Amino acid sequence: MGGGEDMTYKISAYQLFTITFIFQLGTTIIFGFGGLAGRDAWIGDLTSLGLGLCVIWIYTALMRMNPGLSLVEWFPAQLGRWIGTPIAFLYPLMFLYLTGRIIADIRDMVSTTILPGTPPLVFAGLFAIIIAYCVYGGIEIIARLGELIFPVVVVMFITETVLLFGSGVLHFEYIQPVLEKGWEPVWKVVYPNGITQPFGETIALAMFWPDVKNREKVTKITFLATLLAGLMITCFDLLAILVYSDLFSRFLYPLYTLLSMISIGKFIENLQMFGVMYFFMTALIKNVINLLVALRGIQQLTKMKDYRVLVIPAAAIALFLGLTMSRNIAEHIYFQHYKILVPYFWVPMFLVLPAILLIVTWIRQTLRK
């Protein structure tokens, strides 16, 4: 399935769990998730999680119906070469674009928080170089990074929660009244953004499912990782609500802002750097996966021997996109993301096309019987 040594490496069930969990946290934990619903964001989070699990079921059902095949191989196998291959090519292109988007996320966050005077090319370029190096190492590097970063993320989350409780800034009355404005704001969180990010994006990992040692565990592991990631995202939003009430929806980086509230004995405070660390670690894993999915997808569709010849050009394209795709953070998130990317690209590619493919596959397999 891969190039060079990448073909022989098999992912363990635990490694799949860690990279799925971290991939789904991705950039979501720093930007927040359900801000449009105000203090009912946690309801939007849980509803999105429930529907997101249904989307994950579609992906894993396609995996079981196409044993041994990756994401970009499903479409030609079921729709034929002339229809399936052009559709399959959309996915590597999408994930190459998403690599650029996360580089833009890094560009904007670092330039507006910890290094406002530094040229964006410096840290965006460094991030792109690290991504390229990891992608060159293949799926083994990603799997080992997942094992390394997963416990760090969990310990940081527990520590942050304990410190917020110790700082006396949590107000449980802020969660009420529940559904004060009805379900409409909640549904705006859930569809289309809540279902597609991060749950719909998980289709990227279908490129690696054939490389899992115990393939029969993929469905169970993916569901478990999705459940835990969704619950952690919900907890982050709940903590933000308990500190800021519905004002948290006004913050660009709720987690970063939340960490500024930690103060214990004027000794443990100013912990915003942990928010940047969170973001960097989860964004790194997610972006390495995005770029590797793009390159392995191109490799499989074009029958290339090794995707590694594409690493430097692809990383350069992603860096160029990350530096030029938007003029400011408002255009990057609110216009490009919510108004264009999600409804016109993510909904068709993460929801509509997989659902159609599932129906076609089921019909073909039923007729064969």
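Cβ atoms here come from the backbone N, Cα and C positions, even for glycine.
Where the annotation comes from TrEMBL, it is an automatic prediction and has not been curated.
For reference, TrEMBL has these:
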TRANSMEM  12-34  transmembrane segment
TRANSMEM  41-62  transmembrane segment
TRANSMEM  82-100  transmembrane segment
TRANSMEM  121-142  transmembrane segment
TRANSMEM  148-170  transmembrane segment
TRANSMEM  221-244  transmembrane segment
TRANSMEM  274-295  transmembrane segment
TRANSMEM  307-325  transmembrane segment
TRANSMEM  345-363  transmembrane segment
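Taking pairs at least six residues apart, the transmembrane segment (307-325) and the transmembrane segment (148-170) share fewer than three Cβ pairs below 8 Å and do not count as touching. Simply put, out of 41-62, 82-100, 221-244, 221-244 has the most Cβ pairs sitting under 8 Å from the transmembrane segment (148-170). Sequence-distant contacts of the transmembrane segment (82-100) (same chain, at least 6 residues past either end, Cβ-Cβ under 8 Å): 71-76, 131, 201, 203-204, 287, 290-291, 293-295, 297-298, 301, 314, 317-322, 325, 345, 349, 353. Note: the stretches the transmembrane segment (121-142) and the transmembrane segment (274-295) are in contact (3+ CB pairs below 8 A, sequence gap of 6 or more).
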